[in-house]
Amino acid sequence: MTRTPQLIKQNAYNFESHTVTTPDGYILTLFRIPPEENDYRKNKQPVFLQHGTFVDSANWADIGNRSLAFNLADQGYDVWLGNFRGTRYSRRHKTLQPSDFKFWTFNLDDVAVNDIRTSLAAVARITGKRGSTIFIGHSLATIFIFMYASEYPEEAENLLKGAVAISPIVYLDLAYYIIPLAKSLPLITYDLNLFLKFQFQKILLAIKISSVFYHMEGIIKFLQYFCTLAPHVCKILTDVIYGKSYQFLPEDLLAFFSYFPTTTSLMVADHVAQLYNSGRFQKFDYGEDVNLKKYNKKKPPVYKLRKVKFPSVKRLFDELGSREKDMKVIPKDSIKAEDQFNHMDFLLAKDLHEFFYVDLFKDLTEKFA
């Protein structure tokens with residue numbers, strides 16, 4: 001299987017591994033590509049990359065010189081790769097084992113105020129550059145940064161220089177991938193619609209199944225083997241999951257399926273379903289009785305996006321309280337279908353340098369330096 005440390009070393013970059021422990025006991029692994037000591041750009045700020053759901057930090061480093069992690073390192077940034085609880089590199093706890101039902105009983109709120117908060121504080125402490133970190137998140141990671149920043153606005157503003165939200169997800173009202181940076185992304189599929197609407201994950205939780213894809217390494221190995229025999233079928237699978245891609249290269253399939261899918265909590269799926277069904281960017285709904293004890297109200301409170309003050313990249317965009325904010329469509333000024341990015345193309349597309357990195361690095365320099 002593709003391992004993030006192997007990918008970094010194979011591409012001839014320096015590598016560090018750091019562990020941090022969250023307030024609720026989860027032990028997370030952070031990977032770092034430090035700037036070269038003799039590089040005149042070595043004082044550039046830290047950039048923290050956080051992956052989305054069902055993948056891990058390999059998602060930032062699996063396509064060689066097209067990978068965002070390596071392009072940031074080449075620009076002289078101090079690159080950090082986060083790994084959420086439950087993924088391959090963050091599957092330890094001070095008192096619990098992954099085989100314990102309770103290990104997987106975490107929701108989006110728990111990850112946002114524990115994993116993100118702890119990881120960003122560690123980067124600031126280790127680098128000594130508090131307030132200069134740029135957060136770059138993809139997909140579900142954007143939910144976490146907005147939850148954290150709206151819950152702890154002053155702390156987030158003091159820790160971060162800014163944030164870039166790639167294919168952000170906050171509201172799930174008409175489409176699965178809402179407020180995308182791409183022009184053309186798929187509407188929610190029929191099967192996913194049923195899953196979210198009828199909340200089959202609640203049935204699984206009721207019968208004490210709390211994780212998704214745990215103890216299923218065999219599935220990943222099968223996908224790897226199967227994709228060598230029928231790559232076009234695997235390409236169809238990625239199109240179904242993430243939307244039609246004209247940018248995904250067949251040679252990247254094996255790398256992608258070497259870490260996809262990775263394990264997560266069913267309560268995370270439940271929380272996503274709640275966002276979809278409620279139409280609100282809200283905290284986890286435990287039911288009226290528990291909500292009264294936890295929130296002092298029957299319904300869970302909403303996250304107030306107007307409290308988010310750091311610069312960031314239309315409902316989500318309009319509600320952000322940032323003084324400086326920008327939203328870009330990638331690729332711009334192109335109507336050709338083969339140019340359009342789907343949800344995952346921002347990490348895996350063949351034309352990342354041409355369509356995405358030029359604008360991204362310009363913004364990092366002009367807005368966040």
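Glycine is no exception: its Cβ is also placed from the backbone N, Cα and C atoms.
According to TrEMBL, the protein carries these features:
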- 5-61: domain 'Partial AB-hydrolase lipase' (DOMAIN)
- S139: active site, nucleophile (ACT_SITE)
- D318: active site, charge relay system (ACT_SITE)
- H343: active site, charge relay system (ACT_SITE)
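Residues in the domain 'Partial AB-hydrolase lipase' (5-61) partition by DSSP class (helix H, G, I; strand E, B; coil) as 10 helix, 19 strand, 28 coil.
Just so you know, the Cβ of H343 (active site, charge relay system) picks up 24 other Cβ atoms within 10 Å once every protein chain is counted.
All chains included, 25 other C-beta atoms sit within 10 angstroms of the C-beta of S139 (active site, nucleophile).
Separation of the C-alpha atoms of H343 (active site, charge relay system) and the residue listed as 'active site, nucleophile': 8 Å, rounded to the nearest whole number.
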